[in-house]
């Protein structure tokens, strides 16, 4: 789960991490009042959406007086902000963060991530802050500093000092940096984060350390332990079909293609998307109905796929184990009758009760095409959508 910058900064402050003074606002009038409360200029008006690259897209601007705050807030609120993370359709801006301007001496990059390869938490930082860190890592990997932390041991002073020295921080900034890292690590572990990122982390003119930006992702599987974190969820920032799928415990991710697919098992779903692309088509979604799905879940999954107007054909790829083929077939038939099947469907089924499943589909009278194997299924659905 993602949250907004202003929400992440609230959490940072709770763990003693310095952040600029600021206030979230939802209208131009509120933005003006927030700027007046801050008192000093310049102030920064920042679009709040769940995506990076807001500055390059025109979603972060500096205001030198109240009139500029009013003008900038009016321009950003309601705009369709397009960044490299939103896709070409962009994301509508419905809220802003108005915060104090700072005397910035240096911009740094800081993050805490989970390294699954080593089963460790990694503190990652760089002197190349305020930039696209992916580009920095690709072009100048030597600028990326990585400090692995054993989660059983936790972050220690030497971890923090190692990062501070390699960042070439001035002596006066090292102690506040260590305190900040310890607070961020504790928050990362306490709240089950999967990613914590500050870009930029700034060194001020008086050698202070302040989190100028904030990005946090939480492990969805651990949210049941954090009712307070769940309250930060902003459904307006999420894909509506993904929100709908989550109500039925379906693992659904919308994509940009035109071949809808329904699969049981995440690995099989990814392999199915790969073979769809190899056949010359593009998947419209990832949908894992799970091994223990029932007819109702299958029906809901099918309905969600059909709700995507980009879908021109559907590939159903099921290996019947816990989810029997006859259960899947019944769910597909019920969903198609309720929603109205208006696109061709290719079905590849193997496993438990496969013959019964094929019989149910064959007698349904629906626009269905059978396939012998996955390669055959992908080729048929690719031909349909071309």
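Placed from the backbone N, Cα and C atoms, the Cβ positions cover glycine too.
Worth saying up front: this structure is predicted, and the values here are computed from it rather than measured.
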Review point. Given that Swiss-Prot lists 53, 54, 55, 99, 102, 107 as binding ATP, which residue among 46, 92 does it place in the same site?
Key: 46
Point to revise | Which of 251, 258, 261, 264 belongs with 321, 322, 323 in the substrate site listed by Swiss-Prot | key: 264
Review point. Here are some binding-site residues: 102, 322, 323. Which one has the most Cβ atoms within 10 Å of its Cβ?
Key: 323
Check your understanding: Out of 54, 55, 99, 102, the binding-site residues in the record, which is closest to residue 264 (substrate binding site) when you go by Cα distance?
Key -> 54
Exercise for review: Measure from the Cβ of residue 321 (substrate binding site) and count the other Cβ atoms within 10 Å, all protein chains considered.
Suggested key: 14
Check your understanding: Can you tell which of the binding-site residues 199, 213, 321, 322 lies nearest to residue 99 (ATP binding site) in space, using Cα positions?
Key -> 213
